[in-house]
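*Asks:* Pulled the feature table from TrEMBL, pasting it below:
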- A:8-456: domain 'Cytochrome oxidase subunit I profile' (DOMAIN)
- A:12-37: transmembrane segment (TRANSMEM)
- A:57-74: transmembrane segment (TRANSMEM)
- A:86-110: transmembrane segment (TRANSMEM)
- A:122-141: transmembrane segment (TRANSMEM)
- A:153-172: transmembrane segment (TRANSMEM)
- A:184-207: transmembrane segment (TRANSMEM)
- A:219-243: transmembrane segment (TRANSMEM)
- A:255-275: transmembrane segment (TRANSMEM)
- A:287-310: transmembrane segment (TRANSMEM)
- A:330-351: transmembrane segment (TRANSMEM)
- A:363-389: transmembrane segment (TRANSMEM)
- A:409-431: transmembrane segment (TRANSMEM)
Amino acid sequence: MKYKSQKIAYWFFATCMLLLSLQIVYGFVMGFARMGFDVLHDWVPFNAARATHTNLLVVWLLTGFMGAAHYIIPDESDREIYSEKLAYIQLISLILVGVVSIIGFHLNFWEGRKFLEIPRPLDYLVVVNVLLFLFNIGMTVWKAKRYTTTSLVLYFGLFSAALLYLPGMIQFNSQTVDSYFRWWVVHLWVEGVWELIMGGILSFLLIKLTGVDREVIEKWLYVIVGLTFLSGILGTGHHYYYIGVPEYWKWVGGFFSMLEPLAFLAMAMFAISMYRKSGRNHPNTIALFWTIGSAVMSFVGAGFLGFAHTLPQVNLYTHGTLITAMHGHLAFWGAYAMIVFAILTYAMPLLTGRKLWNNPTGLFAFWASNIGMLGMTGAFAVAGIAQVYLERKLGLDFLTVQKEIQVHFLGLVLAAFVFTSGIVAFIINFVRFGAPTDEALGAEQASGDISLARRS
Amino acid sequence: MLTKFQAKLFFLVGTFLFSAVFLLLTYDSLKYVYSSSSSKTLSEEVIRGKELWEKNNCMGCHTILGEGAYYAPELTKVYERRGPEWIRVFLKDPQAMYPGERKMVKYDFSESQISDIIAFLKWNGELDLKGFPPKPEYKSSTQLVNAESAAVVQPEKFKQICTACHSVGGAGGNVGPALDSVGKKYDIAYLQNWLRDPQKIKPGTAMPKLPLSDNEIKDLSSYLSQLK
């Protein structure tokens with residue numbers, strides 16, 4: 001690291017790992033419930049497990065993004081963070097909100113709108129919290145010695161994510177309108193501004209890991225985020241086919257959804273071609289694995305599998321079935337979880353000064369978690385297709401169909417064990433690095449960070 | 001190829017243009033929603049029902065308008081599928097309705113709360129959803145007995161509750177067996193005992209113990225016993 005305040009990132013990353021572990025626990029609770037072992041029903045009914053599982057995902061990813069910002073922004077701005085104290089206050093308040101929400105979910109205290117379950121009173125705290133974060137990072141960018149596209153895109157992404165949280169806090173009486181604006185948050189987050197954040201982190205990592213000229217990488221960053229918004233904004237329409245709004249959303253949503261994979265394809269091609277351009281290899285290969293992997297898997301999960309069920313003709317049958325769960329798992333994993341893992345893997349040696357890259361545990365973490373996640377996606381896919389045929393085509397009763405597809409959840413849970421073994425390996429590595437130290441200042445030079453060597 | 005400036009322009013113009021189109025379409029969609037017939041039927045009851053729906057995070061298991069989780073049935077057309085009486089009986093004790101099956105949390109809803117929820121489900125079922133959820137395509141219907149020729153007419157209770165799971169003359173649900181020739185197998189006395197407490201006669205059966213009065217049991221058994 002170049003600046004002392006980058007150490008803050010470590011505490012965000014540590015929180016991130018903790019929340020991820022908890023998310024996996026709840027995933028297993030649901031997996032077993034679907035297999036028929038619903039033993040925790042009285043304490044953790046399915047809706048509590050589900051709300052906890054998805055909200056933890058959102059919170060740990062946001063924590064990861066915040067950690068990434070605390071690492072990247074000082075580096076890009078060439079200065080210390082505006083206020084270290086504010087950063088720690090913000091992290092602690094974030095954890096508090098998270099803990100209260102999760103406990104609340106188990107006590108029937110929630111808002112009950114998919115992905116936005118955090119109860120209304122706590123929403124205001126979230127807003128204050130995010131404003132604190134944006135102020136701190138914003139002041140750092142504002143007072144920077146230099147403005148880079150990477151830091152601007154990252155900041156703009158974080159800022160819009162905060163702005164788009166607001167439509168989710170308005171109360172509507174009609175389920176149709178409620179649903180309409182709920183997607184303003186959910187869709188425009190994951191298929192819009194989060195991709196800016198992902199693009200920002202990706203381009204920072206590519207600059208560092210491949211040593212390709214900043215100008216080249218940042219130019220393509222603009223093209224990719226441009227494509228994302230061009231397709232993603234009107235692509236929101238693919239959630240509006242069957243909620244009671246005008247018919248034209250089928251055309252608008254269908255057409256722009258078809259373009260959505262393009263942004264992801266561009267991202268994957270961009271990452272691979274930058275890697276091939278680099279000529280020299282960065283010693284931290286595993287960080288490169290996660291970086292390129294994220295670009296590729298986000299194309300498969302978000303781009304390809306998303307496309308597989310967003311056309312209105314297909315969506316009529318797959319809407320509201322396990323097909324959505326299939327797409328959701330690989331999309332979030334590829335696009336957002338992997339990019340957080342990438343920045344973590346890249347930053348940890350530099351924060352702690354320990355050259356613990358390229359060990360077997362790290363390599364195992366990469367392969368096991370990816371293979372496990374692909375297995376889970378496959379299990380969801382088979383179960384989902386069977387569900388669509390039996391329930392929507394043949395008209396069998398819901399519970400009858402669920403019994404028919406129960407066996408696929410054994411596959412899901414087995415794949416989840418493989419996945420979890422990978423995550424455990426990753427966390428073991430994380431713990432091995434230990435806490436960040438000031439002695440690691442300037443560790444980039446020792447790590448053979450190509451771009452830095454070239455810049456000086 | 002593109003310069004960095006051109007790339008930036010592409011990003012800014014694209015984002016601005018498509019955001020503007022999106023806002024315009026949003027305005028038009030809201031106008032459509034608020035002028036449609038569904039906005040006139042959006043009563044206090046429906047709104048209270050929606051609040052209960054959210055307060056208990058029903059979306060954490062069910063889907064409505066295809067949105068939510070996939071652990072429990074899609075409820076958009078549940079009013080049409082099951083009818084208000086069935087939903088009322090079900091919500092009072094969900095687990096009794098599906099013994100030994102996937103469980104739903106038993107909420108302590110009051111009668112009026114249940115009415116609110118039913119109103120909410122009915123309202124959603126009446127929305128114009130452009131063909132969602134799709135009607136099953138290959139559902140077979142067999143006509144075994146002409147139910148209309150039966151001497152005793154179908155009791156109201158039968159239409160409200162039983163047809164959700166059982167069919168007669170090809171009409172009804174397919175969860176339980178078709179009842180077209182149930183009279184051949186069982187006499188009135190057996191059917192009465194069965195309806196009083198199915199679990200006692202056949203432990204582990206999927207047939208729930210329904211909250212039926214003695215008169216209703218009598219009517220139902222005499223109706224069923226003549227289906228031969």
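Keep in mind that glycine also has a Cβ here, set from the backbone N, Cα and C atoms.
For each feature listed, report its degree of burial, its nearest neighbours and the pertinent distances within the displayed model.
*Replies:* Over the domain 'Cytochrome oxidase subunit I profile' (A:8-456), the average per-residue pLDDT in this prediction is 92.
If one looks beyond the transmembrane segment (A:57-74) by at least 6 residues along the same chain, the residues whose Cβ comes under 8 Å of a Cβ in the stretch are 1-3, 5-6, 8-13, 15-16, 19-20, 23, 80-81, 87, 90-91, 94, 98, 115, 133, 137, 140-141, 150-151, 154-155, 158, 161, 194, 197, 200-201, 204, 332, 336-337, 340, 343-344, 347, 351.
Below 8 angstroms of C-beta separation, residues 62, 65-66, 68-69, 72-73, 113, 116, 120, 123, 126-127, 130-131, 133-134, 137-138, 141, 178, 181-182, 184-186, 188-189, 192-197, 199-201, 203-204, 221-222, 225 of the same chain, each at least six residues beyond the ends of the transmembrane segment (A:153-172), sit close to that stretch.
Proximity of distant same-chain residues to the transmembrane segment (A:184-207), defined by a Cβ-Cβ separation under 8 Å and at least 6 residues beyond the stretch ends, is recorded for 61, 65, 68, 72, 75-76, 114-116, 149-151, 153-158, 160-161, 164-165, 167-168, 214, 217-218, 220-221, 224-225, 228-229, 232-233, 235-236, 239, 260, 263, 267, 271, 274-275, 287, 291, 294-295, 298, 302, 331-332, 335-336, 339, 342-343, 346, 451.
If one looks beyond the transmembrane segment (A:219-243) by at least 6 residues along the same chain, the residues whose Cβ comes under 8 Å of a Cβ in the stretch are 149-150, 153, 175-176, 179-180, 183-184, 187-188, 191-192, 195-196, 199-200, 202-203, 249-250, 252-257, 259-260, 262-263, 266-267, 270, 274, 310, 312, 315-316, 319.
Long-range Cβ contacts of the transmembrane segment (A:287-310) within its own chain (Cβ-Cβ under 8 Å, at least 6 residues beyond either end) map to 191, 198, 202, 205-206, 209, 235, 238, 253-254, 257-258, 260-265, 267-268, 270-272, 275, 281, 318, 323-324, 326-327, 329-335, 338-339, 341-342, 345-346, 357, 363, 366, 370, 377.
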*Asks:* Between the stretches A:86-110, A:330-351, A:409-431, which wins on the count of C-beta pairs under 8 angstroms to the transmembrane segment (A:12-37)?
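*Replies:* Top-ranked stretch among A:86-110, A:330-351, A:409-431: A:409-431.
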*Asks:* For the transmembrane segment (A:255-275), could you work out the same-chain residues 6 or more beyond its ends whose Cβ comes under 8 Å from its Cβ atoms?
*Replies:* 191, 195, 199, 202, 206, 209-210, 212, 216-217, 220, 223-224, 227-228, 230-235, 237-238, 288, 291-292, 294-296, 298-299, 302-304, 306-307, 310-311, 335
*Asks:* Same-chain Cβ contacts of the transmembrane segment (A:409-431) under 8 Å, 6 or more residues past its ends?
*Replies:* 13-14, 17, 20-21, 24, 27-28, 31-32, 34-35, 341, 344, 348, 356, 359, 361-362, 364-376, 378-380, 382-383
